[in-house]
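Structure, as structure tokens:
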Amino acid sequence: MKPRFVMAIDQGTTSTRAILFDHGGQLVAVSQLEHHQYFPKPGWLEHDPAEIWRNVEKVARRVLADVGARAEDIAAVGIANQRETIVLWDRRTGKPVRRAIVWQDTRTDALVDELQHAPGAGQITELTGLPLSSYFSAPKVRWMLEETPGLRERAERGEVLFGTMESWLIWNLTGGVHVTDVTNASRTLLMNIRSLKWDPQLLEFFGIPEAILPQIRSSLETYGTGRGVLEGVPIAAALGDQQAALFGQTCFAAGEGKCTYGTGSFLLLNTGTELVASTHGLLTTVAYQVAGQPAHYALEGSIAITGSLVQWFRDGLGLIGSAAEIETLARTVEDNGGCYIVPAFYGLFAPHWRPEARGIIAGLTSYITKGHLARAVLESTGWQTREVLDAMNADSSLRLRALKVDGGMTSDNLLMQFVADVLDVPVVRPMVAETVSLGAGYAAGLAVGYWSDLEGLRRNWHLAAQWQPAMDPARREAEYRNWTYAVELTLDWTSKTGAQ
Amino acid sequence: MPGSIQSIERAAAILELLAAAPVPLRVSEIGSAVQLPRATAHGILRTMLDVGWIEQDRVSGKYLIGEGRFAPGGRQVDPNELRARSMNWADPLAARSGEAVRVAVPEGPAARVIHYVFRPDHSTQKADVGALLPGHASALGKVLLAFRPSAGQALTDQALTPYTSRTLTTRSRLTSELAQVRRQGWAVEQGERQMDLAALAAPLTGLGGLVVGAVGIHGAVDRICDPNGVPRPRLLALVQECSRAIGRELHTPRTQA
């Protein structure tokens, strides 16, 4: 029987989902489970890799059951995953040596400060396309090796394996294939961005034994076949979640870009097979690589806190019952009332890269209601997007004519209109908002011949919604100035107060 | 015979008290009126606040009956929440049907459009999010009237504005049409608001079986219906499949979404 679907596994920061897509690229069924967020200390964030693997098995089983499908109905599985998060596990037992350290975790800030002064620090960005920051994998691996008794010795003896999340899942899905895809490897600070190989100089700099590293493979190839619930299904693609979204938005050519609005938000611009080095605080990263072909590169601007600010508004402040209700609350007022929220919960990312910044609510007066705060929460996402797009325009001659958007927050009409207003370009949403999953599905489907070429996938892209800029330019600039002042107020908070 | 449930009796008594009171009441006033200790009355009031039966004045702290909770149409789902829940299923409906998709919630006897997905044909289109569609002359509106009988009670013959020669303009014709919609579980609009436009819609059923909205497609009459004026079965099946998928989504606790 001809396989009917491709399955995407989207292993994200807060949840794990399995999604089935049909040949038209349309979503057929979805199953989702959230996993535990562990906050052992301020600034720390961990996940239980064993729980995440169990959730993958559960959602895969459920999504098949939802449509009465079996493993043989699935042409291929593609993985899109939270990036930079690290897992170390025992090669023999398959048990994680401790909980995964999540990308947002800032425990390695001090270690990174120290490494900034070590010999060779000056070449890191040239070699990797990334700044030396606690955000990426290598300092986290170094920390785990140092702080877990006996672990370094075990690692050097080859008893321990390292991987980012896709690596952990492929190892479990296939029963022991230890590989990583090139887009995930490009986020570790250990891969040379030009040769696309682990770089001995970087391994030495971070003190990481080569024995623990997975083999770097392209993003679109069969790494192995599934076992258990996915018995015999080719595991045929892996992409970091943001690269997956770029792929799912069919941004296959230089000059095409997208922004995914989720927990954090990520603007990626495909720069083709040439890499562009940023001088404005953006990252150079691998966009995707088809087996046997040169890699495509991207410029990336990441914003740490967007959707998670809405979650905080819901769970931390309890002002809304669900994320979508923030729009209802924001619409109870006409404007932000002079209030600005800069959510530097874990420092500021692109284009500032100020880990010592902490968040602020600026412009508070007795006039401010929860409606104004709701507006300020949504607007912070718009302004942070503007900062990143300004930096991209400064780095590259490829000017975005429209911003393709996706992610859960695109259901918020007020926010999408605000993004169009402050960027002064149209914002367009494709018919499948789940582009992270779609990209993983597309990549897997292409790798096994379920789809024949990239152009066929482009024809699947349809416009579902569009927002045209409508803000008065003078007001836009005045508001942007106010936002910029508010950002300045967040800098240096931890260095001046000694807070974490 | 099993005993009655005390807390429900007490809540009912408080509800009656507040409904009859011309002004908001203090917790102590409520407690003494229904002969309950202050702490007990307070506990019941908190629960009633949570479910939205009553409200508390922010300044005085006094309690009053929840506004709109018992009005025609009953309690409504947050429209932005409904959009967030619908998006993943409205997109495939547009893609597969080739038509534009709308999701609407009831507003009196009308249907308020809260979500719009463009027709997938690369043409320039405008989303009418926020538009109010007449209940008697739109597929979405007829679904909402059919499954929320209280909403249509205010509709007199005079209120049934004729948009075209096909609009249902008498209460009796509308009533029999709505009975038909309830029987078949979907509604069709065929040139009743605009001569060249047709639409299909099906209900969105939330927790407790309450219809909280409707989803549908609309487009040129000859695409939506066959030459005999019968809705094309494939399109109808897609609309119904979408309404069921969103319904399932509405039955999962929202903290998991």
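Don't overthink the numbers, they just go from 1 along the chain as shown.
Backbone N, Cα and C atoms are what each Cβ position is placed from, and that goes for glycine too.
When Cβ atoms from all protein chains are considered, those within 10 Å of A:Arg17 (ADP binding site) total 23, not counting its own. According to DSSP, A:Arg17 (ADP binding site) sits within a strand segment. The ADP binding site feature in TrEMBL is assigned to A:Thr13, A:Arg17, A:Thr263, A:Gly307, A:Gly408.
In sequence order, A:Trp103, A:Thr164, A:Met165, A:Asn184, A:Arg187, A:Gly240, A:Asp241, A:Gln242 are the residues near A:Arg83 (sn-glycerol 3-phosphate binding site), counting only same-chain partners six or more apart with C-beta under 8 A. Annotated sn-glycerol 3-phosphate binding site per TrEMBL: A:Thr13, A:Arg83, A:Glu84, A:Tyr135, A:Asp241, in sequence order.
Summarising the annotation, TrEMBL assigns ATP binding site to A:Thr13, A:Thr14, A:Ser15, A:Thr263, A:Gly307, A:Gln311, A:Gly408. Around A:Thr14 (ATP binding site), the same-chain residues at least 6 positions away in sequence with a Cβ under 8 Å from its Cβ are A:Glu34, A:His35, A:Gln37, A:Thr263.
Summarising the annotation, TrEMBL assigns glycerol binding site to A:Arg83, A:Glu84, A:Tyr135, A:Asp241, A:Gln242. Taken residue by residue with DSSP, A:Glu84 (sn-glycerol 3-phosphate binding site) is part of neither helix nor strand, so it is coil. Every protein chain shown contributes to the tally, and the Cβ of A:Glu84 (sn-glycerol 3-phosphate binding site) ends up with 25 other Cβ atoms within 10 Å.
Here TrEMBL flags A:6-248 as domain 'Carbohydrate kinase FGGY N-terminal'.
Look at TrEMBL and you will find A:258-447 tagged as domain 'Carbohydrate kinase FGGY C-terminal'.
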Which residues, in sequence order, are found in the same chain with Cβ within 8 Å of the centroid defined by the Cβ atoms of A:Arg83, A:Glu84, A:Tyr135, A:Asp241, A:Gln242 at the glycerol site, excluding those residues themselves? A:Gln82, A:Thr85, A:Trp103, A:Arg187, A:Gly240, A:Phe266, A:Ser302
Taking 8 Å from the centroid of the Cβ atoms of A:Thr13, A:Arg17, A:Thr263, A:Gly307, A:Gly408 as the cut-off, which other residues in that chain fall inside it around the ADP site? A:Gly12, A:Thr14, A:Ser15, A:Gly262, A:Gly407
In sequence order, which residues at least six apart in the same chain have a CB under 8 Å from the CB of A:Gln311 (ATP binding site)? A:Thr263, A:Ala323
A:Tyr135 (sn-glycerol 3-phosphate binding site), Cβ-centred 10 Å count of other Cβ atoms over all protein chains shown, is 27
Simplified to three states, DSSP reports A:Tyr135 (sn-glycerol 3-phosphate binding site) as coil
If you measure Cβ to Cβ, which of the binding-site residues A:Thr13, A:Glu84, A:Tyr135, A:Asp241, A:Gln242, A:Gly408 are under 8 Å from chain B? A:Gly408
How many other Cβ atoms are found within 10 Å of the Cβ atom of A:Gly307 (ADP binding site), counting all protein chains shown? 21
Have a look around A:Gln242 (glycerol binding site) and count the other CB atoms within 10 A of its CB, chains all included. 29
